[in-house]
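Worksheet: the structure to be examined is printed underneath.
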Amino acid sequence: MSKKFKMKRAKNLNGFSIIHDYVTPDQEKKLLKKINESEWVVDYQRRLQYYNYRNELFEPYDLIPIPNKIPKYLDQLINQMILDKIIDQKPDQIIVNEYKPGEGLKPHFDRKDYYQNVIIGLSLGSGTIMEFYKNKPIPEKKKIYIPPRSLYIIKDDARYIWKHGIPPRKYDEINGKKIPRETRISITFRNVIKEKVKHDNIVYPKRSPN
């Protein structure tokens, strides 16, 4: 991760950047091993891991602190991103998502009222197409392929004007070639807006592991 890398900015999508091969295949393998050795919960019908904060699944969907602290191996990854000048503020919330082939993510904004501007994602195990949508002034859709081991940044217009999602399918078509999806692990790094955290809601029920 300390090697030289090139950050590419998406054309006509202000605020989206991507670094291909931010981690090596060996680093990817070690990260996946650490992740799969950690405890999962099942929300949204898929497996996840939450660290430091999460928003509840039930109204009023409070942003709450949780006892699961950011593990050392992810903290080391954060420190490397700071050394590489990708970020200048240490993220304080992480979500790890597992996506099986055929699973997707409906178009959405990351909560504008709970999280700060910069969202960082690291994709492991498989690539995927991420789609961006906006309705005004005219409907538009953009597709960006996220290869495995890539790190991407969503901020500014890409964060606040464009919704993003992942179409649910078992392969993606890139330059006329069908690329099968495999199990993909997505690590998302955010900074919470501290004033929005509900410290009086400290109930964090255990959900189904596995």
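These residue numbers are counts, starting from 1, taken along the chain as shown.
Glycine is treated like the rest: Cβ placed from N, Cα and C.
As annotated by Swiss-Prot, domain 'Fe2OG dioxygenase' applies to 90-193. Per-residue confidence over the domain 'Fe2OG dioxygenase' (90-193) averages 97 (mean pLDDT, predicted model).
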Secondary structure content of the domain 'Fe2OG dioxygenase' (90-193), with strand meaning DSSP E or B: 5 helix, 56 strand, 43 coil
